[in-house]
Amino acid sequence: MEEKIKIRISPFQLTVLIILFTTGTTILVTPAGMTAETKQDAWLSSIIGMFLCLGYAYFLYKCGIAMGSKTYIQYLEKVYGRIVGKIIGMLYVFFAFIGTSTLLSYFGFFTTTQILTDTPIEILNILLVLLIIFAVRAGLEVIARTGELLITWFFFLLFALVIFLLPELKLEKLTPVFEASFSDHTKAIFNFVSFAGFPLILFLMFYPKSLNQPRQAKWNILIGSFIGTFTVTVITLLCILVLGASITAKQLYPSYVLAKSVSLFEIIERIESIMASVWVISIFFKSTIYFYTCVLGLAQILKVKWYRPLVFPLGVLACIFSTIVYPNIVYMQKWDSTYWPPYALIMGLIIPLITLIIDKVQNHFRSNNQSKGM
């Protein structure tokens, strides 16, 4: 797909998008899954997962170098050929579509169970998808600039939450330390990386092609991944220090419950609206990026000149699918803990790694043939 307008974002804007994308749903639900596996040692699993995500971010940077000026869909067609490349590309379009639909469902479940309990979930999903459609039609540059404006408020609200929670911290809730087994840590770390790391593969749909300074992106990608995963690690640690491992593991949204526990001089209490605001900001950007890469990838596969005609129909489909992708909250938890991690591993690491290796081999034989021709 040849774009009518050259879309360009800055390396800093890429960092902002990675931070907001990484936190997304991770900040709200991951602490429960982590503590269910490793109990009070979940903070340690988060730290290890954070560094693994950094390694994965570097892998994405190397993929970007190999792709050059191509998008990921174009790169797949170059490596595997037109037909096979399009088939694999459609797998990524579906991956992004599933991500969009599940995030809409997340938003609906959270809002109807915690805030607007009398509002039909379909209404909330429609409101969010309309906002996402508007943002995606506006384009990547507008999404990135909006992220620049909101990232300050995002961290201001998080910082305020941490300050208010300081009197509630109880270090004894971290003990006994190093009690979890190696297998438990492995499961928790895998869960962490599958949410905070592997989905970043979708950034290759517009990185490095849509970056105005692609050669300077290395540290921006690493910093974005570090800040995003560090934020999730801090929230996980706070959940354990305030709520305790057992309560955190049993809660569907432990970080939201965490904010409810604030009581500062009996004046500042129940500031869960802060946590809700932080999460709404991050889930909006995560779902928007998922949906943007979905329509952009499909447009490139179909060879249409511009992706905008696809935005509304795909948005309607995502909204409809969001009402059936998770029949109930129990199934949502089962999907997140059992099916999503291996799915994200295949799409986020195994296929890109195989693709990169094949490309390196092809380039090696191509260079050898050229040297023999001389």
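Cβ atoms here come from the backbone N, Cα and C positions, even for glycine.
Automatic, uncurated: that is what TrEMBL annotation is.
Record features (TrEMBL):
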TRANSMEM  12-30  transmembrane segment
TRANSMEM  42-61  transmembrane segment
TRANSMEM  87-109  transmembrane segment
TRANSMEM  121-140  transmembrane segment
TRANSMEM  149-169  transmembrane segment
TRANSMEM  189-207  transmembrane segment
TRANSMEM  219-247  transmembrane segment
TRANSMEM  274-298  transmembrane segment
TRANSMEM  310-327  transmembrane segment
TRANSMEM  339-358  transmembrane segment
Tertiary contacts of the transmembrane segment (339-358) (same chain, 6+ residues out, Cβ under 8 Å): 56, 59, 62-63, 66, 75-76, 79-80, 88, 91-92, 95, 190-191, 194-195, 197-201, 204
Contact ranking winner - 42-61, 274-298, 310-327 against the transmembrane segment (149-169), Cβ under 8 Å: 274-298
The transmembrane segment (219-247) vs the transmembrane segment (12-30): 3 or more CB pairs under 8 Å: yes
Contact between the transmembrane segment (274-298) and the transmembrane segment (42-61) (3 or more Cβ pairs under 8 Å, separation 6+): no
Range from 87-109, 189-207, 310-327 with the greatest count of C-beta pairs under 8 A to the transmembrane segment (121-140): 310-327
Highest-contact recorded stretch vs the transmembrane segment (87-109), from 12-30, 42-61, 189-207, CB pairs under 8 Å: 189-207
Within-chain partners of the transmembrane segment (42-61) [C-beta distance under 8 Å, separation at least 6 from its ends]: 18, 22, 31, 34-35, 174, 178, 180, 185, 188-189, 192-193, 196-198, 200-201, 203-204, 207, 217-218, 221-222, 224-226, 229-230, 232-233, 236-237, 240, 245, 248, 348-349, 352-353
Surrounding residues of the transmembrane segment (310-327) on its own chain - C-beta under 8 Å, 6+ positions past either end: 97-98, 100-102, 104-105, 108-109, 121-122, 125-126, 129-130, 132-133, 136-137, 291, 294-295, 298-299, 304, 335
